[in-house]
Amino acid sequence: MAVAGCTKCIKYMLFFFNFIFWLAGGVILGVALWLRHDNQTSSLLILQFEGHQAPGTFYISVYILIAVGAVMMLVGFLGCYGAIQESQCLLGTFFFFLVILFACEVAAAIWGFMNRDTISKELINFYDSAYIKAVDVSGSPSKDAAIKVLDVFHTTLDCCGKGDDTALFKQVASTLCPRKSPEDFLKSQSCHDKLVELFSEKLYLIGLAALVVGVIMIFEMIFTMVLCCGIRNSPGVY
C-alpha cells in the first residue's frame, strides 16, 4: 500500500534528490572527461625526457572522478526507481551503495588533502631536470631534447624559466623562450608559479564537486532511512 502524509512528502523529496544526484553524476563524469582531455594538462603530462614520462599523479584523481560519476548515475537511477516503487529492497540496496560511495569519497578527500602539493611538485621537478640540461653550456647530448620539453611548458603555460634572473638564464633566455622579446622576460611569470596555479585550480574544482556531492549524499541517506521506516510501518506491510 502507498505511503501517506509526511512519508509521501519524503518519498518525492527523495526522488527529487536522487534526480539531482543522477544529474550531478553526469556533470562530474563530464568534468572528469574534460579534465582528462584538457589541452593544458594533456600537453604537459604526455611529455617524455630521457626515457621518463612526465608524472601522471593528477590522472589518478581524474580516473577516480570518472568512476564515481558513472557509479553515481547508476545509483541515482536505482534510488529514483526505488522511491517511486516504494521498494524496501531497492531502497536498501541504494542505501548500501550510497554508504560505500560516501566512504570512498571521504577516503579520496583525505588522500587528495595529503597529496595536494604532490602533483605540482612532481611536475616542477620534471621541469627542473629538463631546465638543468637545457642551460648546460658544456653541450649535453640531451640538450636539444630538453629545450623541446621546455618549449612545450613555456608555450602551454605562457611562462619562461624558474623565476630566477641569473646571468646564465639571461644568456640562454632567447634560446629557451624564442617567442618572447626582451621586454617580455621582465614581466614573464615563473613556470613554477604557473604549474602550482594550474593544478591548484583543477584540484579546487574537484574538491568543490566532492563537497556538493557529499552534502547531497547525507540528505539522501537520511531520506532513504525515513522512507524505508515509513514503508515498513504503512498499513498492509508486514
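Backbone N, Cα and C atoms are what each Cβ position is placed from, and that goes for glycine too.
Keep in mind that TrEMBL annotations are predicted by a computer and have not been checked by a curator.
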According to TrEMBL, the disulfide-paired cysteine of CYS191 among CYS159, CYS160, CYS177: CYS159
Disulfide-linked residue for CYS177, taking TrEMBL as the record, within CYS160, CYS228: CYS160
Residue among the disulfide-bonded residues CYS159, CYS160, CYS177, CYS191 whose Cβ has the most other Cβ atoms within 10 Å: CYS191
